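S.K.: Take this structure, written in structure tokens, and hold onto it; I'll ask about it next.
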């Protein structure tokens, strides 16, 4: 099969109109669900935890919908399409990470906590300082992740709708369309969260997960059918069309690149290890993932939902393998980079190529492109809604109710503050995203995972499993891990001193890696240990309660 | 656990934590999840290290265009699925019955000391 046209060239009014129609249908359906959910949302438990009535399968789908961001769908497919094997490394880290959540976190958090990550961290500690710290790291992780998603949405819209620099869409040029998209996505996520709370957000994520899985499955089947289910032939064709030959199927094109300079090679390989560790340890510390475990009635169902999530997410990443190599083989590396240098349009371009071949020519291509573009927008919306909910819950439940009001706030007040926080956080995210538009945002995702792994995970694991852990230890691990990750990224080549940096013209970097995980995660664990042993506080009675409750579910909410 | 349940909830949790039954539950959980975590982490680390430092080995083709690296990557999927399945089976057979037993004893204690579920619910959130 000949490599196909660029998406923009055939992005006819049919395809564009269909994309918008499908997206509007998705928005209409999800808004209807959200309004329905708002009628069922009466108590704080309804707002924060969706009434804790979701089944294992429903929550598993919602976890998938919360976790599989545009970065995984478009980003990983694009990485595989351009760098072959190295893109696959990413998806493996993202999947294996779920074993940490399954074995060490999900059930115990569900048993001992109530609405937020801090419920467990502050369980046996002095409430106010620990909740303040947990709230701070929740907001840092969520805002960084949120900006990355929203800027991504802005960047995608002109590509997916085929708005070229010199053309306009509804009277908007490409730049205006980007800003409009960011505002639209932000406004929708605020509505989902304020109106629908956790219930509405969960259903949005379930619908999105279903659409994403269906779209990815359809494309995977078409790619495999094209090669008569011969994987080796698909790989061979991908390698040939990529222009990189066998190296395309081997590690080293993107991560751990070997160059003439021994130190550059060394750091590049360390960066690969650092990324690998941050991916695996970050997931179980992401606040928007942790709050999902509270939406089911018991810890056994929390376990079931993680099992479903592992199945769904694992299957999805296997699909992205076919999508990425399929795009390399059927669209071709040159055609992908011509459209988007980062490869983010590989999956939509593949959809178009497959549609042309198997679904009735140009029209079929336009239809499948439109479907996949709409799925991509749905994907972004579901993830940003989850992030906004998690951070506003933490502001209301941790900071407002327990720090400011010292636990004296009424449920009504708390939920009202949560809704206001969602509005404020959403507005801040929109504003920051508009300013961050031209910046390289890849580092924001890396930073979010690194902070989650360095600040949150050590505190969670120590809390659950270490009798001696105390307030001082919790504060040290959260602030220590948070500071280490942020400072190292600030002095890394992703912020200054390289061509792709945030500030390419300045250079204050001294930390050679773009991902801080390999240093900042051990610092987080070490700080937690030091902070603990230098303090005399030792409340083993409260640990008895936490341990018994987390393991048995006694007194669970 | 004895039928005599101390009145203060702190004392009760302490008593449960020290009980032989709870000790068995803790051992059953920890003897599985800790070694398994170490095992899957080392297995994943080995995979990342091989990707970084054993390029020749990873590039060796096995069948057609399918090389060691791809097989290793797919094996990570297989082991993740297997560990998840094995844990769910282990938890259902070994952990859940013990946890349910301790939980049932504690709940029986709740009624015995007339600590209603409602007050327990309130108290738990500090």
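Each residue, glycine too, has its Cβ placed from N, Cα and C.
Automatic, uncurated: that is what TrEMBL annotation is.
Got these off TrEMBL a minute ago, pasting:
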TRANSMEM  A:59-82  transmembrane segment
TRANSMEM  A:88-109  transmembrane segment
TRANSMEM  A:130-157  transmembrane segment
TRANSMEM  A:177-195  transmembrane segment
TRANSMEM  A:207-227  transmembrane segment
TRANSMEM  A:272-294  transmembrane segment
TRANSMEM  A:306-331  transmembrane segment
TRANSMEM  A:366-396  transmembrane segment
TRANSMEM  A:417-435  transmembrane segment
TRANSMEM  A:441-462  transmembrane segment
TRANSMEM  A:474-495  transmembrane segment
TRANSMEM  A:515-534  transmembrane segment
S.K.: Counting only residues 6 or more past its boundaries, what in the same chain has a CB within less than 8 Å of a CB in the transmembrane segment (A:366-396)?
M.R.: 7, 10-12, 14-16, 18-19, 21-23, 26, 30, 48, 65-70, 73-74, 115-118, 134-135, 138-139, 142-143, 145-146, 149-150, 152-153, 156, 160-161, 185-186, 188-190, 192-193, 197-198, 201, 204-205, 207-209, 211-212, 215, 219, 287-288, 290-292, 347-349, 351-352, 354-355, 359, 414-415, 417-419, 421-422, 425-426, 429
S.K.: When you look at the transmembrane segment (A:207-227) alongside the transmembrane segment (A:474-495), do they share 3+ Cβ pairs under 8 Å, ignoring any pair fewer than 6 residues apart in sequence?
M.R.: no
S.K.: Out of A:130-157, A:177-195, A:207-227, A:417-435, A:441-462, what stretch is closest in contact terms to the transmembrane segment (A:88-109), meaning most Cβ pairs under 8 angstroms?
M.R.: A:441-462
S.K.: Hey, does the transmembrane segment (A:441-462) touch the transmembrane segment (A:130-157), meaning at least 3 C-beta pairs closer than 8 angstroms, sequence gap 6 or more?
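M.R.: In contact, yes.
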S.K.: Grab the same-chain neighbours of the transmembrane segment (A:417-435) for me: Cβ-Cβ under 8 Å, and only residues 6 or more beyond its ends, written as numbers and ranges.
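M.R.: Residues 47-48, 139, 142-143, 146-147, 150-151, 154, 179, 182-183, 186-187, 189-190, 193-194, 384, 388-389, 391-393, 395-397, 400-401, 409 contact the transmembrane segment (A:417-435) from elsewhere in the chain.
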S.K.: State, in range form, which of A:207-227, A:272-294, A:306-331 has the highest count of Cβ pairs under 8 Å to the transmembrane segment (A:515-534).
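M.R.: Result: A:272-294.
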S.K.: To the transmembrane segment (A:272-294), which of A:207-227, A:306-331, A:441-462 is linked by the most Cβ pairs under 8 Å?
M.R.: A:441-462
